[in-house]
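Have a look at the structure below, then the notes.
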Amino acid sequence: MATSSSAIDSILVENRVFPPSEEMVKNANISGMDAYKAMCAEADKDFEGFWGNLARKHVVWTKPFTRVLDGSNAPFYKWFDDGELNVSANCLDKHMGTPVENKTAIIFEADDGAVTKVTYKELLARVGQFANALKSRGIQKGDRVILYMPMTIEGVVAMQACARLGVIHSVVFGGFSAKALQDRIVDVGAVAVITANYQMRGGKEMPLKAIVDDAIALGGCESVKNVFVYERTKTACAMTAGRDHTFSEVLEGQSTECAPVPVNAEHPLYILYTSGSTGKPKGVQHSSGGYLLQAKLTMDWTFDLKPEDVFWCTADIGWVTGHSYVVYGPLAAGATEIVFEGIPTYPNAGRFWDMVQRHKCTVFYTAPTAIRSLIKASEADDKVHPKSYDLKSLRIIGSVGEPINPEAWVWYYNHVGGGRCPIVDTYWQTETGTHMINPLPGATPLVPGSCTLPLPGIYPAIVDETGEEMPNGKGGMLAYKKPWPSMIRTIWGDPERFKKTYFPPEMKGYYFAGDGAVRSEDRGYFRVTGRIDDVLNVSGHRLGTMEVESALVAKTDLVAEAAVVARPDDLTGEAICAFVVLKRPLPSDEEAKAIAKELRDWVAKEIGPIAKPKDIRFGENLPKTRSGKIMRRLLRSLAKGEAITQDTSTLENPQILEQLAHNN
Ligand code: PRX
């Protein structure tokens, strides 16, 4: 795709502006730029009043708050902190006795195409029953529970049941390895794991429970007293008597009614692990009140949600997007949503479009990586091209997780959105909890590749290393000048790391996002250029370079040293390139290929298949300065296949650059 002609296209299209249609503006929840600006002005004038009013309007409180923001112990901000609520009651009970009660909450489509629907009333009953099952096993408010689940109604039910009891969930994506799962079980001190026997993906049955067993067997998981196993398929899995229970066992005889437990607004709703610039993933802790508020609000603002919408966010519940826009936001907003178990390419690459057509989806939200792979597939086969489907039900389409390149943007706009649907390119992070910078469909003129402007009440800035704000047109680091309700509260068990990572002293109290960005000179629109720390973004999945390096050097019989960098990739956005020094002489071609495979499999075992390096290069050493520092800039050039133009005179060992240019 990235031919020289498409590179020219991208320069041309970047300057085009796509204003919303008059009809879209007329019917939108936030109608027109003046309405947007008025909301921003309101927040400017009275920041706490702005958020306080919204929190009173959009959240049901069992005990009203009297304080909006407590910054006395900044950066450990507290929001609405003398208020009490229950998040699950805000997603389910709130709708009882209203027209939403009998509305479809979830349209679940299984990997094999089987469709199951549940109404809000039925979902409440299932959540209540599962919460009672957890309670019967002694699990209570403040306990931590790990979920290792497929995309199913049961996954949503389990998360909501935790929220109902004030139990803090920590979902681990089903693609992570036993080792990654064990790390998280230990770090969070989980009392239970909720899993499934198997998961179905692309027609294949893949084990989950067996991986939980492996994780626990790795040691340090003594806190886990119960493992709950959803029988997704009929295939049996090993069960440990006394510890492991099937869902049917624990649900039997449980009442469907379970009173929601009120919690303080600051009570942790969940902990979600994400990669940072050190080897160890960090447990991002989110609150109940502030988080829920913005999850609900962004449904109304970003997705312009209307009662008749059929909303579909394709993200897995293992990622923050799945938390905010599958489990909490849509339900708090009373939406009908699609939950999809499978993958976009099974039974063929038309699956998404076929589902949009069949379920009459109106708001569709996915990742640029999925779009890019579906472009490629549809170029090869007309049958899976969006034009072969009726996508007229769509009115808004969204993008999340990584920068969307203008080529993909224009294709998405024309072929999926029919030139009619605004693209909401949402820039945010696990740490921000919910959307931060994105267009509003009935207000913001769109510019491909730009996430445009902040939501009302959000104050981003582009700063230099000293925290000084940069003028428009000059790139710098993205930061936020003010806190926001759904922001990360701390890193679980490591408040110092939280402070150091997000509020470094030179940033003058601003939240430091870790991304580079630039504002356009004409409109002041934001364009996020990517991470400026050691974080990789592969297919929208976030990984740390150090995390992959640690995994590689843990192969102690083979690896002496490793350095990992990202390089651009047409399909996955970024790809992982690993430079490895072996504990043996430089291998021959054949041997090198075999070792590279062994290392990829090893990384998959240590972290998960998503972390497998695409490129592996061997050298007798890494390029280092005389003081022994690895010159990563050189490695990045090598990874891209660029000629080395940098000054290599400070390099201890220039000859190894040639060795490292060779890919395996
Ligand atoms: O680099 C930014 C990129 O993804 C990072 C956050 O990753 P994660 O915490 O896994 O959350 C993903 C879902 C929100 C950011 O620091 N990113 C996310 N959305 C965009 C983006 N980069 C450019 N444009 C976006 N819309």
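Using N, Cα and C of the backbone, Cβ positions are placed for all residues, glycine too.
According to TrEMBL, the protein carries these features:
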BINDING   R201, G202, G203, K204, T321, S539  CoA binding site
BINDING   G401, E402, P403, D515, R531, R542  ATP binding site
BINDING   V553, V559  Mg(2+) binding site
DOMAIN    36-91  domain 'Acetyl-coenzyme A synthetase N-terminal'
DOMAIN    102-484  domain 'AMP-dependent synthetase/ligase'
DOMAIN    547-629  domain 'AMP-binding enzyme C-terminal'
MOD_RES   K629  N6-acetyllysine
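Distance between Cα atoms for V559 (Mg(2+) binding site) and K629 (N6-acetyllysine): 18 Å, as a whole number. Looking at the residues that bind CoA per the record, R201, G202, G203, K204, T321, S539, the two CA atoms farthest apart are separated by 25 Å. In terms of C-alpha distance, the listed recorded positions R531, R542, V553, K629 place R542 closest to R201 (CoA binding site). Annotated ATP site G401, E402, P403, D515, R531, R542; additional same-chain residues within 8 Å of its Cβ mean position, judged by their own Cβ, are V528, G530, V535, N537, G540, G573. Checking the binding-site residues G202, G203, K204, V553, V559 against ligand 1, none has a C-beta less than 6 Å from an atom of that molecule.
The Cα atom of R542 (ATP binding site) lies nearest to that of T321, taking the binding-site residues G202, G203, K204, T321, V553 as the candidates. Using a 10 Å Cα-Cα cut-off from G401 (ATP binding site), the binding-site residues that qualify among G203, T321, S539 are T321, S539. Distance noted between the C-alpha atoms of K204 (CoA binding site) and R531 (ATP binding site) is 34 Å. R531 (ATP binding site) counts 20 other C-beta atoms within 10 Å of its own C-beta, drawing on all protein chains shown. Sequence-distant contacts of T321 (CoA binding site), defined as residues of its own chain at least six apart whose C-beta falls under 8 angstroms from its C-beta, comprise C313, A315, Y365, V400, G401.
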